[in-house]
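*Asks:* What follows is a single structure, and I will ask about it in a moment.
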Amino acid sequence: MSDKLIIFDTTLRDGEQSPGASMTRDEKLRIARQLERLKVDVIEAGFAASSNGDFEAVKAIADVIKDSTVCSLARANDRDISRAAEALRGANRARIHTFIATSALHMEKKLRMTPEQVLEQARLSVRFARNLCADIEFSPEDGYRSDVDFLCRVLEAVIDEGATTLNIPDTVGYAIPELYGNFIRTLRERIPNSDKAIWSVHCHNDLGMAVANSLAGVKIGGARQVECTINGLGERAGNCSLEEVVMAVKTRRDYFNLDLGIDTSQIVPASRMVAQTTGFVVQPNKAVVGANAFAHASGIHQDGVLKARDTYEIMRAEDVGWSANKIVLGKLSGRNAFKQRLQDLGVELESESELNAAFVKFKDLADRKSEIFDEDIIALVGDESVSAEVEHYRLLSLSQHSETGERPGARVTFAAGQIEHRAVAQGNGPVDATLKAIESKLETGAELLLYSVNAITSGSTESQGEVTVRLQHGGRVVNGVGADPDIVVASAKAYLSALNKLHSKAERVAAQG
Ligand code: KIV
Ligand code: ZN
């Protein structure tokens, strides 16, 4: 049995299924590049057959990623599998991940198929996929709640057809660590050809045990691949969190005795990028990547850490990519220094015109904020307006007035395509007035589900505010993020960014439909 643990990241597929976390092609590409820097073994880039947008995203990622295997999800049918193979054609290393539900509940109520039909479809699909790609992963959806005898028959059949990885999802997050670990072990012990494939775990976090279940699948069950997402992003309570699994295996190597290919110093940059792109902020006390994960507040702890770090620290902050807030650039920094800093941060902009757009924004920010930190630069390049994607709505100018005893008002000028709108409105506060002004012209009718403000760098009121806005309209939920030292401006940017996403026509179907 191999002692390498394969890290399969599904932030761009299962993570993206979280309502409001959908990403554009360029956003996915940027995250895929970061995942490659993190050295994940497999990047599940999307579900190519679900929409043209997802097909294009998988294809773009397959075309540029060289070191990680690029994978596409596909339902167990020829059309989905062909589409996945087509999107992956340019990949250095490609994997097709095909799935069909095997629990009695899903087969009867969702698929309306008999177990024998499901078995046959699984077998034929893996056979079909294997003719298009050498690396085939098969998942029995809702596997953990499936009848074990039936599951053994399905898994044995797909190994015979050439499946190279078998993934056992706890689709609804129902498992308990010991039981899940034993379940994987039972399957491996009972299936005669089980040694011909790598076993994988895929756990959802509904009961808060996705990481514990995955680790039990590895330790007790002998799985050698973990499927996970950055920040545990994913539907409902999310997926198994990559950073937690990786740091558990690394920190407790004495117990797991497994090797990892991951460059852990890229964990925090990846976490920030995903949070910023999706608008799903990381809770401060989240393990490994939360802002407080390495902050020792109590006097006793501080004293201990100052005397000897390992009194209270089991991991080093710098090993997972935390760097103290550093002033990196200022008003007088030139284009070359800016470009160099982007390179040091591992940010690759697609073209010179994107670099120029980012530099103009940097200069604008440096005029208003004396100290520019790495976090500011990352927020700046995450801004939609420096990406190559078309921005339909753009903020042109904003003024607002608030005074004690007066009702606040805002005057907003923004572009919608070629049309320039000038809007004025009053509201309960300057942010409310600003969003009402925009709506007075557009009348989108979008419902505001979430509005949140975070300081990008802590400890100073000079920090930029990062605003996240979540909108729902026509059955779609999108997040918009905007950053600016002025939080009213950041709010307007975030609102327009969410409207830009609603404006993009891309339609998606749920992976587990
Ligand atoms: O949770 C699940 O069952 C899945 C499969 C499609 C692998 O995400
Ligand atoms: Zn899943």
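Quick reminder: no glycine exception, Cβ is built from N, Cα and C everywhere.
These came from TrEMBL, pasted as-is:
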type    : residues                      : note
DOMAIN  : 5-268                         : domain 'Pyruvate carboxyltransferase'
BINDING : Asp14, His202, His204, Asn239 : Mn(2+) binding site
REGION  : 394-513                       : region 'Regulatory domain'
*Asks:* Which binding-site residues of Asp14, His202, Asn239 contact ligand 1 in the sense of C-beta under 6 Å?
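*Replies:* The qualifying binding-site residues are Asp14, His202.
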*Asks:* Same-chain residues six or more away whose CB lies under 8 A from the CB of His202 (Mn(2+) binding site)?
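*Replies:* When sequence neighbours closer than 6 are ignored, His202 (Mn(2+) binding site) has Thr10, Ser139, Asn167, Ile168, Pro169, Asp170, Glu227, Asn239, Cys240 within Cβ distance under 8 Å.
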*Asks:* Quick check on the region 'Regulatory domain' (394-513): DSSP residue counts for helix, strand, coil, in that order please.
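*Replies:* For the region 'Regulatory domain' (394-513), the helix, strand and coil counts are 30 helix, 51 strand, 39 coil.
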*Asks:* How many other Cβ atoms are found within 10 Å of the Cβ atom of Asp14 (Mn(2+) binding site), counting all protein chains shown?
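*Replies:* So the number of other Cβ atoms within 10 Å of Asp14 (Mn(2+) binding site) is 26.
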*Asks:* Let me know how many other Cβ atoms fall within 10 Å of the Cβ of His204 (Mn(2+) binding site).
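*Replies:* By my count, 25.
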*Asks:* From the centroid of the CB atoms of Asp14, His202, His204, Asn239, the recorded Mn(2+) site, which same-chain residues not already listed sit within 8 A by their CB, in sequence order?
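*Replies:* Leaving out the recorded residues gives Thr10, Pro169, Thr171, Cys203, Asn205, Ala210, Glu227, Cys228, Thr229, Gly234, Glu235, Gly238, Cys240.
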*Asks:* For Asn239 (Mn(2+) binding site), what is the tally of other C-beta atoms lying within 10 angstroms of its C-beta?
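*Replies:* So the Cβ neighbour count for Asn239 (Mn(2+) binding site) comes to 31.
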